[in-house]
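Visitor: So TrEMBL lists the following for this protein:
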TRANSMEM  54-75  transmembrane segment
TRANSMEM  87-111  transmembrane segment
TRANSMEM  117-139  transmembrane segment
TRANSMEM  146-168  transmembrane segment
TRANSMEM  180-203  transmembrane segment
TRANSMEM  215-235  transmembrane segment
TRANSMEM  247-269  transmembrane segment
TRANSMEM  307-329  transmembrane segment
Amino acid sequence: MITIQYLVCCSNMEGTIDYTDDLFSDSELWDNMTAGNTSSVFTPMLSPVLDKTINILLVIVLFITMVSLGCTMEVSKIKRHIVKPKGVTIAVLAQYGVMPLTAFCLAKVFWLDEMTAVVVLICGCCPGGSLSNILALALQGDMNLSIVMTSCSTLLALGMMPLLLYLYCQGFTNLQNSVPYVDIIVSLFMILIPCGAGILINYYRPRYAKTITKVGLSIMMISVVGIGTVASFAIGGSILTVLSPPLMAIGALMPFTGYTFGYIISSLFKLNQSERRTVAMETGCQNIQLCSTILKLAYAPEVIGPLFLFPMVYVSFQLLEAAVLIVLFRCHQRFTPTEEGTYQPASTEDKLKEACEGTV
């Protein structure tokens, strides 16, 4: 026990962690190691070439994803929801109200160190991602609301994300200087350009928009798995920093909280059932491509360490929990008698088919 205390003290004094096989083979030391006492300075674990390659791939994938997201947006649908903004307003309030607050509370509860807290906060303050459109489709949600909500949260992120990070960082000591506000704003400007290009493609060449959307979704899913796998093997035992119990718990609780409170809030404002399911998915789903890109490009490798993989942990639980909800919804739909006037199979299936062609 004395040896353990000595090692921890030395780590805190020197400001570095020696990620060696001996450190992680000592089970007793690992049991005493949490995300709250890891250092904010890491030994670089990726080779310069691999690090640069991952940075470039993240930017390319983010660009393609945002173009495909723009291709799902229709000006007429956006105008329709602007004229009657109740659903979008509630969804935006849920997105930027629930998720950043959840990230802040979890960072406090688990006593995260400065760098880890910043990573969790950035993930919590990100706008919704295009994956939420697919999940809303699987839950037979309101696809127009889903697409418009994703569009609005992405546009509003330019102001909301830096503002929320600034506000919540006030709750941590010496955290204000750890947030790369300029890099975040630049990244948000960068995603608006391809998103705008996608909107123009959908407006002037709608037949190409469907193909681009399908290709973009496929590339997004493959890249999440591919980059996460390559980076995990490259950093070796240091992946345990991201897979520590506190970060695993946070990765599981954040999307679950978003789904739950998104549904509750929309129910309080008396949205219909399809809109409630949509708001739930939009609230719990974050743009992990944007989050990963910001973390990887805004911080030096010795500062961010393996923590740039936290969005991969988040999206894993995001998909797992959404899959459980989809299965439960399908079972409920199958075994519960349909009330008259609440579900019209023909029109609903037609809408799903139309949405599938334009979104998936």
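For all residues, glycine too, the Cβ spot is worked out from N, Cα and C.
These figures come from a predicted structure and were not determined experimentally.
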Visitor: Okay, the transmembrane segment (117-139) and the transmembrane segment (307-329): do they have at least three CB pairs under 8 Å, pairs separated by 6 or more?
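Guide: Yes, the transmembrane segment (307-329) contacts the transmembrane segment (117-139).
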Visitor: For the transmembrane segment (87-111), name the stretch out of 54-75, 117-139, 180-203, 247-269 with the most CB-CB pairs under 8 Å.
Guide: 247-269
Visitor: Who are the chain neighbours of the transmembrane segment (180-203) in space, where the CB to CB distance is under 8 Å and they lie at least 6 residues beyond its ends?
Guide: 62-64, 66-75, 122, 151, 154-155, 157-158, 161-162, 165-166, 209, 212, 290, 293-294, 297-299
Visitor: When only pairs 6 or more apart in sequence are counted, do the transmembrane segment (146-168) and the transmembrane segment (247-269) reach 3 or more Cβ pairs under 8 Å?
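Guide: Answer no: the transmembrane segment (146-168) and the transmembrane segment (247-269) share fewer than 3 Cβ pairs below 8 Å.
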Visitor: Mind checking which residues reach the transmembrane segment (117-139)? Cβ under 8 Å, same chain, six or more beyond either end.
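Guide: Residues 65, 68-69, 72, 95-96, 99-104, 106-107, 146-147, 149-150, 153-154, 156-157, 160-161, 164-165, 168-169, 172, 175, 178-179, 184, 216-217, 220, 247, 250, 254, 277-278, 281-291, 294-295, 304, 307-308, 310-311, 314-315, 318-319, 322, 325-326, 329, 352, 355-356, 359-360 contact the transmembrane segment (117-139) from elsewhere in the chain.
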